[in-house]
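Undergrad: Reproduced below are the annotations present in Swiss-Prot:
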DISULFID  CYS3-CYS24  disulfide bond
DISULFID  CYS9-CYS29  disulfide bond
DISULFID  CYS13-CYS31  disulfide bond
DISULFID  CYS19-CYS34  disulfide bond
SITE      LYS23  site 'Basic residue of the functional dyad'
SITE      TYR32  site 'Aromatic residue of the functional dyad'
MOD_RES   CYS34  cysteine amide
Amino acid sequence: IRCSGSRDCYSPCMKQTGCPNAKCINKSCKCYGC
């Protein structure tokens, strides 16, 4: 998932992991579990 900021990752990661824990690293999202 491409992103410009961590905020861009919250909803896609919420769908993937069920949790909004996410960071934008090198313009792509990194999802973390709960």
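Any Cβ shown, glycine's included, is placed from N, Cα and C.
Worth saying up front: this structure is predicted, and the values here are computed from it rather than measured.
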Undergrad: List which of the recorded positions CYS9, CYS13, TYR32, CYS34 have their Cα within 10 Å of the Cα of CYS24 (disulfide bond), in sequence order.
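TA: So far as Cα distances go, the recorded positions lying within 10 Å of CYS24 (disulfide bond) are CYS9.
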Undergrad: For the disulfide-bonded residues CYS3, CYS9, CYS19, CYS29, work out the Cβ neighbour count at 10 Å and name the residue with the minimum.
TA: CYS19
Undergrad: Could you measure between TYR32 (site 'Aromatic residue of the functional dyad') and CYS19 (disulfide bond) for me? Cα positions, answer in whole angstrom.
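TA: Cα to Cα, TYR32 (site 'Aromatic residue of the functional dyad') and CYS19 (disulfide bond) are separated by 8 Å.
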Undergrad: Drop a 10 Å sphere on every Cβ of the recorded positions CYS13, LYS23, CYS31, TYR32, CYS34 and tell me which sphere holds the fewest other Cβ atoms.
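TA: Sparsest of the recorded positions CYS13, LYS23, CYS31, TYR32, CYS34 by Cβ contacts within 10 Å: CYS34.
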Undergrad: List, in sequence order, those recorded positions among CYS3, CYS13, CYS19, LYS23 whose Cα sits within 10 Å of the Cα of CYS29 (disulfide bond).
TA: CYS3, CYS13, LYS23
